[in-house]
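Listed in TrEMBL:
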DOMAIN    49-386  domain 'Orn/DAP/Arg decarboxylase 2 C-terminal'
DOMAIN    59-286  domain 'Orn/DAP/Arg decarboxylase 2 N-terminal'
MOD_RES   77  N6-(pyridoxal phosphate)lysine
ACT_SITE  359  active site, proton donor
Ligand SMILES: *Cc1c(COP(=O)(O)O)cnc(C)c1O
């Protein structure tokens, strides 16, 4: 896996990438590339993404080096861009799917169903039936009703009991309020699965998305061990799978999180032979490879304040500000008003507001952001826009998020 010449070859042949133009970038060449796109499409000033496949390969390498024992199942919901999914598949990742459509899109890459976990603890019966029909044979549950549905529609499916992590790790998006068996529910749920004749092969958890406190992994792995012991006491076949979920961020906490996971695996599962460890990172792989370029479509000056309208916003890619509690940032690209110095180095800055294109005042992307004086038809570039962005954008007011194009580049991973 990762950024070797072999993986470069695999990425270029990946579904979603094959046949598309992939531009090789030198270090720091991203802004030049964005400018070249802008200049080559003077007539179309639609927003666009740039996806750096080399950066994705670098992250896969980084994961493999830090957590070689934990096989990643990329969480599709975070960003289902086809080239990105194809790249992850070519690099050997598994996939966490939460719906029929997500499973379909992963199978369409030629990925075999045993590389998919249906990691939604509460699934519609029709989706369970679909999973059974295509051979996705691993899923999660945290309720008796789910046991009953799976018994009815997919009794050969192996199960992981999703437990609630004791600590949400200071997560931006805690998942505990919605999912995960409470400590006192673990035993009755295991018994329910046992009497339904279903195989519970392990435990899963998710400490919450965008977690900042690595201790949460340690506490959750300890709780998982308790669930393993409960299964043993009930005389069930030995559990063998531990799924540590997602919650990882690429920087700067990743090394800390990886150390916490490794230490906890050692202390709680050190003598558990034949344990399979899986993980479901979404943000870690998707966030940093995507850069979004937006065009300034309007401007207003109010005294010292500068106000700009751009052609993507809160109802589009920047929905992450609302739903993912994200903070976005941007840099200017004055391709139109300052061609000699498009990044405006050394220019005087003004406190600026950036609005999205819809007619809702909520559609405000940034306030109090220092920017040089820009003009209509200049551009703003937003880095790290791959996680929970376009995936949850809408069509509100006729601004269609799914129509935003993605250009592919490959920089050499450092
Ligand atoms: C959303 C989700 C993930 C991905 O979480 P990240 O914080 O993006 O890593 C993984 N597993 C499940 C079950 C999820 O719901």
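Glycine residues also receive a Cβ, built from the backbone N, Cα and C atoms like all the rest.
In TrEMBL, annotation is done automatically, which means it is predicted and not curated.
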Counting across all protein chains, other CB atoms within 10 angstroms of the CB of residue 77 (N6-(pyridoxal phosphate)lysine) number 19
In all the protein chains shown, the tally of other Cβ atoms within 10 Å of the Cβ of residue 359 (active site, proton donor) is 8
In the domain 'Orn/DAP/Arg decarboxylase 2 N-terminal' (59-286), averaged pLDDT is 96
Taking only the CA atoms, the spacing between the residue listed as 'active site, proton donor' and residue 77 (N6-(pyridoxal phosphate)lysine), expressed in whole angstrom, is 28
According to DSSP, residue 77 (N6-(pyridoxal phosphate)lysine) sits in helix
